[in-house]
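Q: Quick one: structure below, then a few questions.
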Amino acid sequence: MKQGVDFGYGIKSTLVQCLVLTTTYFLNVQQGIDVMMPTIIIGALESNTGDNSVPGITAEQISWIGSLVYLSPPIGSLFLSLVQVRLGHRACMALTNLIQLSAVLVVVLFPITVSTLYACSMLMGLSTGFATGLSISYSGEVCEPKLRGSLTSALNVFYFVGFFFVSTTYAITKSWKQSLIITVAVPLANMVTLSLTPDSPMWLLSRGKTDKARKVLMKLRGYVSEEKCATEFQEMVQYVSLSAKSEEAKQKTTSILCNYSHPGLASPLKLMLIYIFFSNVMSGVPYAPYLMHVFESFKTEAEPAWAMSAYPGFSIIGNVFTILLVHRLGKRCLVLSTITFCSMSYLLIGFIGQFYADAEYAPWAKLALFFGSTVSSSLGIMPIGWILMSEVFPMKSKNLGCSICSGVYFFLSFFMTKFYMDLERFIGFYNTFVLFGGVGLIGLVYFYFRLPETENKTLKEIAEQFKLEPV
């Protein structure tokens with residue numbers, strides 16, 4: 001890959017940036033907990049044993065407990081887009097922690113009823129909507145160009161850490177309520193790290209706090225001298241200034257739609273919305289809640305429960321390779337190669353399932369291809385999308401762009417999971433994999449011609465690239 005910007009800060013700068021991002025990693029651990037917790041609650045309610053039971057609860061009510069965690073994040077994302085510009089990242093992160101704590105307090109302070117579980121699921125979804133946009137925008141603004149891809153891709157690793165944490169806790173306690181209470185440790189620990197987390201230099205510049213922004217950048221780059229980070233700081237000043245001029249131009253018109261049709265937002269937003277659709281399909285979002293059913297349909301000798309527990313493990317492996325490879329190969333290469341592998345894996349699963357179902361090797365071949373696609377999607381198409389989201393939007397539209405994208409992601413996730421079983425009943429189990437593989441090949445063609453390379457480029461360079469290249 002062609003080398004881009006390297007300001008030569010050294011290992012001390014890398015360590016400081018990793019420490020500063022601790023807050024975002026805690027937020028992603030909590031995201032994994034929030035998304036997984038309704039699944040645990042549903043499983044516990046269906047077992048109907050001990051304090052896991054809620055008398056009189058219906059199957060329809062249980063389905064809403066699971067779906068509200070996907071429906072409410074767009075509300076959190078929308079609210080975040082309205083307040084983050086004024087309040088900054090630190091204040092919004094503190095608010096996110098309070099929402100996470102309130103989801104637990106609802107269960108602790110009130111009797112366990114269907115309404116209580118609705119409120120708990122919705123609050124967890126709201127905190128997820130907040131955490132998604134905050135993690136992406138903050139990591140994109142504080143990291144130097146050569147580290148942005150690797151450090152932002154680590155967000156997905158911590159998401160699955162949260163998944164493992166709450167799953168293991170429930171396996172030990174056998175009580176969803178106790179498990180939820182134990183997870184309070186995450187937002188409490190985050191409150192401590194947040195006290196040591198600065199606002200991003202770019203946000204400070206946008207609020208006219210130039211001297212403070214310079215001091216924060218010097219700290220983020222390993223407590224270097226003002227001269228050492230002068231070049232990068234000037235890039236940031238120009239980038240924020242360019243965004244401010246675009247904002248002034250938009251304010252001269254009375255059209256509300258102008259905010260969304262401005263070239264600085266419209267081009268990257270179009271790319272990201274299309275990316276989210278293909279990423280959801282390739283990373284298995286439609287069948288994620290039905291993994292036990294998927295593994296049972298493969299008819300392997302492996303226990304479906306074991307295969308279920310291995311799924312996030314393979315995802316973590318893919319995420320770790322993203323951290324190691326994204327700077328060397330670039331985001332474009334990872335996306336194109338992994339979407340190709342996932343598409344071919346899905347097509348082969350469908351082909352083997354329909355034409356070689358009775359072959360001795362068929363069950364294990366399908367399982368191997370499935371886990372191969374899991375590693376592949378977690379290596380490229382899934383995490384790269386969140387990294388791109390932190391890079392492609394101009395400064396004044398970053399919060400709005402990230403909020404729209406995260407909202408669309410959760411809406412698509414809701415509809416894809418809600419109607420997956422209907423799709424399977426209509427076209428057949430193995431035909432769904434053929435369909436997903438075909439969709440992936442369409443995405444491959446689109447990204448080959450339209451996906452730009454952003455690795456190791458400053459945010460100013462990326463903004464200029466989108467002005468020159470239509471998407």
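Glycine is no exception: its Cβ is also placed from the backbone N, Cα and C atoms.
Because TrEMBL annotations are produced automatically, they should be read as predictions rather than curated entries.
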Q: In TrEMBL, which of 180-201, 400-421 is tagged transmembrane segment?
A: 400-421
Q: With CB pairs under 8 Å as the measure, which of the listed stretches 150-172, 271-292, 400-421 comes out on top against the transmembrane segment (368-388)?
A: 271-292
Q: Near the transmembrane segment (271-292), which residues from the same chain, at least 6 beyond its ends, have a CB less than 8 A from one of its CBs?
A: 39, 66, 304-305, 307-308, 311, 338-339, 342-343, 373-374, 377-378, 381-382, 385, 388-389, 392, 401, 404-405, 408-409, 412-413, 416-417, 420-421, 423, 432, 436, 439-440, 442-443, 446-447, 450-451, 471
Q: Residues of the same chain, at least six outside the transmembrane segment (62-80), with any C-beta under 8 angstroms of its C-beta?
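A: For the transmembrane segment (62-80), the far contacts come to 34-35, 37-39, 41-42, 45-46, 92, 99, 114, 117-118, 121-130, 132-134, 289, 399, 402-404, 406-408, 410-411, 413-414, 417-418.
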Q: Roughly where does the domain 'Major facilitator superfamily (MFS) profile' (20-455) sit in mean pLDDT, to the nearest integer?
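A: Here the predicted model's pLDDT, averaged over the domain 'Major facilitator superfamily (MFS) profile' (20-455), is 84.
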